[in-house]
Each structure stands twice: as C-alpha cells, then as structure tokens.
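Student: Got a structure for you, written out below as structure tokens; questions coming shortly.
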Amino acid sequence: MKKFFITANWKLNGNIKMISSFFKYLKLYSSSYLEKNTVIIAPPTIYLERVCKNISNMNIFLGSQNVDINLNGAFTGETSILMLRDIGVKYVIIGHSERRFLHHETDDIIAKKFHLIKKSNLTPILCVGETEIEKKHNQTEQVIQRQLNLILKNLGTSAFKNIIIAYEPIWAIGTGVSADPEHVQLIHVFIKNYILKYSSINRNDIIIQYGGSINHTNVKKFIEQPDINGLLIGNSSLSAKEFLEIIKIAHEHYS
C-alpha cells in the first residue's frame with residue numbers, strides 16, 4: 001500500500017527541552033500509528049544530530065530545512081549536502097517561500113540544490129506555490145510551471161523520479177487560513193499532469209504534499225483527496241500531541 005508522507009518543518013523553533021519532551025511523548029503513544037505513514041522531521045540545523053539520536057529506534061526519518069549549493073570551502077554559516085548525509089539526513093526541503101523571499105533564492109539556485117540533493121541520493125522536498133496576488137490574477141498554474149521548468153530543463157525527464165513536491169500556497173502559510181481541499185486537489189492534479197507531459201514515470205510515483213495552516217480539525221478533508229499524498233506541516237508540528245493527532249487521522253484513513 002502506498003504510504004502517506006508527513007513532514008514536520010520546525011522552522012526557527014525548538015530547544016533541547018522541547019525536543020526531549022516531544023520525542024518522549026511520541027515514543028509513548030505513536031508506535032502503532034507510524035506504519036501507514038512516512039514521517040519526516042526537519043528541525044533547525046543545530047538540532048539535527050539531537051533529533052537523529054531521538055528517532056534512532058523509531059519509524060521516523062530525518063529531514064533538513066535547507067542545504068548550500070557548495071560542498072565545502074569558505075562559505076560561513078552554510079551546511080553542505082555531504083555534512084547532512086554524514087549525520088543521517090534523508091530528506092531536504094528546498095524552495096520554501098520563506099527562503100525564496102527572505103533569502104532571495106531564485107529558481108536557478110533552487111534547481112542547483114535540487115540537482116545536488118539528487119546526485120547525493122537524498123530526497124528533495126521541492127516547495128512550489130503562488131502568492132495571494134498571483135492567485136487573484138489566476139496565475140497559479142503559470143507560477144508553478146515556472147518553478148518546475150528550470151529543473152526539468154537542466155535535469156531532464158527523470159528529474160521528478162523519487163522526489164516529493166510540496167504545494168504550499170503562500171497566502172495559506174502560517175495565516176490560519178488553509179486552502180480549500182478541493183482546490184488543492186485540482187492543483188495537485190495539474191502538477192501531476194504537467195510532469196507526466198515530460199516524463200514517463202508512473203503517476204502513482206509522483207508524491208505531492210500540501211502545506212498551509214494544517215491542523216487536526218481540518219486535516220481529514222485534505223487526506224481524503226486522492227492526489228494529496230502527504231502534508232508539510234509547520235506550526236502544528238511543534239506540539240507532539242497535535243502532530244500525533246494528525247498522524248493518527250492519516251493512519252486511520254489508510255488502514
């Protein structure tokens with residue numbers, strides 16, 4: 001059975017005490033709910049190794065929120081793919097709107113990161129999505145095409161095999177206002193159809209997560225959509241209880 005992919009993006013949050021209590025709770029209550037899900041946790045870089053130790057005997061994978069395009073050298077403050085792989089990272093988030101806007105990351109930079117992650121046999125979680133203004137001007141599909149095209153051009157039709165795409169409409173991130181699940185379903189179908197125009201990979205092998213103001217009260221309607229294959233969760237992943245509630249709902253749907 002195909003698994004549901006749930007990624008926790010902690011962003012710039014967490015501390016040693018929080019991490020300890022978070023995993024203490026998960027270890028007590030989560031064991032029977034992880035089988036039907038692939039759960040990934042992406043903490044701040046400084047806590048990657050601590051989280052790695054906590055998940056060593058759990059069915060949870062380690063993710064990174066970012067990676068540099070350089071492997072080594074005089075690049076103060078950066079983290080290379082070799083370092084991430086060395087400590088056990090399996091998934092790397094790239095293209096998040098906060099990186100695009102706050103750190104001025106272009107489609108070209110994101111495509112380079114994508115290539116580096118694939119070359120290192122890790123799995124990229126590629127974020128795409130439109131702003132509220134772009135949505136109002138009916139530019140959602142055009143924006144997503146642009147965000148995918150450079151990767152497709154540089155890496156060819158095999159680029160989208162064994163990856164995760166995360167559709168995160170920027171107007172829904174951290175606002176408390178989630179997108180309509182049926183609208184998200186249509187966008188996911190569009191993304192899959194667009195990829196399949198250029199690639200012969202199996203449709204069922206295209207994994208697309210949704211991200212944007214997800215919580216345990218609204219998640220069921222998203223999980224029920226056939227082309228929503230996972231979730232990229234921000235604020236709701238900081239509470240072990242809330243995060244586990246979401247995992248439980250996904251587990252029950254896929255049981």
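Quick reminder: no glycine exception, Cβ is built from N, Cα and C everywhere.
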Student: Where Swiss-Prot shows Asn9, Trp10, Lys11, Gly174 binding substrate, which of Ser56, Ser64, Ser120, Ser213 is named for the same site?
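Tutor: For the substrate site that includes Asn9, Trp10, Lys11, Gly174, Swiss-Prot also lists Ser213.
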Student: Let me know the DSSP-derived helix, strand or coil state of Asn9 (substrate binding site), please.
Tutor: strand
Student: Rounded to a whole angstrom, what is the C-alpha distance between Asn9 (substrate binding site) and His96 (active site, electrophile)?
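Tutor: Just about 10 Å between their Cα atoms.
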Student: Just to confirm: which same-chain residues, 6+ apart in sequence, have a Cβ under 8 Å from the Cβ of Glu168 (active site, proton acceptor)?
Tutor: His96, Ser97, Cys127, Val128, Gly129, Tyr210, Gly211, Gly212, Leu232
Student: Hey, does DSSP put Glu168 (active site, proton acceptor) in a helix, a strand, or just coil?
Tutor: coil
